[in-house]
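The feature active site, proton donor/acceptor is assigned by Swiss-Prot to 159, 213, with similarity to another entry given as support. Among the features that Swiss-Prot reports, substrate binding site is placed at 37, 122, 263, 284, 313, 317, 340. Positions annotated as Mg(2+) binding site by Swiss-Prot, on the basis of experimental evidence: 211, 237, 263. The site 'Important for activity and substrate specificity' annotation in Swiss-Prot covers 315.
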């Protein structure tokens, strides 16, 4: 099962996606997601210049060996660009192997650990009342879990909140980074009020999640975690910048609120101490940025030893290829927690036809061989790349801060 061809496809059906397609001599093909939000062309260039030439002629069935070749052989290890490129190759090779075996990916991984995959929706609003309306709408759609974000009084732009009701939230909206103003004090005073309102309106049975998006210092995060304990959050996500793993120890010592982190991680070494010391409850590193299925199996296996569960990052800046592969992984992995779900646009779904489906607050993996997602290259070509950048944050005094 030699690799005959490999190439990248860059398309923008509403937002940019990078896809790697690998074709074997028998004609079987697999695809992998190589999207890195705001740095898409860096990964595409890495693949085109350094990875694709090395794939031609290799045995597509030797997934582990290829992963090690791309990781160890590069010398410059880890980092988001390298690991996203490796993940795309890995995802495509698992797709090919499952197709060759004639089985859906979850079967090749070891079979089902569950019948369906619980997801959480994003519920936002400029005001708490607007957010509550979105929660009600998603509960009607069958969701048992929601991530809630609302505008903070006195802050013009708040992370995760669309500019107008019903609009999709898309932070990468200009060719150069937009600058937003952030106030930790105003946020900390406001956030508990949001959770109190959700619990008062919807009771205790609904799973409630919240994303801080790396904005706080460790002691500020500890204060927030303690303050929201009465509202029994499913998790508090990315409450501090991810580089300082020791900060999670301090937060853990101050609060029983479950902690989730990892969407900007790229390697098992980014989360090893967090898992082994049980400073977190959920690991969120996505397949696309964490080195693919091969690497994330190792992360999940390690996490299972310490009662840490998966909660994969799943926004619309990762393509349906990543989501499809993640749903198969979620269906198999024993220590599954939850899967993020932000619906893609109709244009994106048309470019990436898939057989996974959403039903009553859950995803169901498809039964076709592989991960069940393909790409319509002719349609993809109609949506050329459009440069876009994520915003940056400044404090009210002008100091650059974490976005």
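Yeah, the Cβs are placed from backbone N, Cα and C, and that goes for glycine too.
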Secondary structure of residue 122 (substrate binding site) (DSSP, helix/strand/coil):
strand
To the nearest Å, how far is the Cα of residue 213 (active site, proton donor/acceptor) from the Cα of residue 237 (Mg(2+) binding site)?
7
List of residues, in chain order, with Cβ under 8 A from that of residue 340 (substrate binding site) and at least 6 apart:
119, 120, 147, 284, 311, 312, 313, 314, 315
Densest Cβ neighbourhood among 211, 263 (binding-site residues), 10 Å radius:
263
Please classify the secondary structure at residue 237 (Mg(2+) binding site) using three-state DSSP.
strand
Please report the number of other Cβ atoms within 10 Å of the Cβ of residue 159 (active site, proton donor/acceptor).
21
Please tell me which one of the recorded positions listed here (37, 159, 263) sits closest to residue 237 (Mg(2+) binding site), measuring Cα to Cα?
263
Neighbourhood of the substrate site (37, 122, 263, 284, 313, 317, 340): other residues with Cβ within 8 Å of the Cβ centroid, in order?
286, 314, 315, 318, 342
Around the Mg(2+) site recorded as 211, 237, 263, what other same-chain residues have a C-beta within 8 angstroms of the site's C-beta center?
212, 213, 238, 260, 261, 284, 313
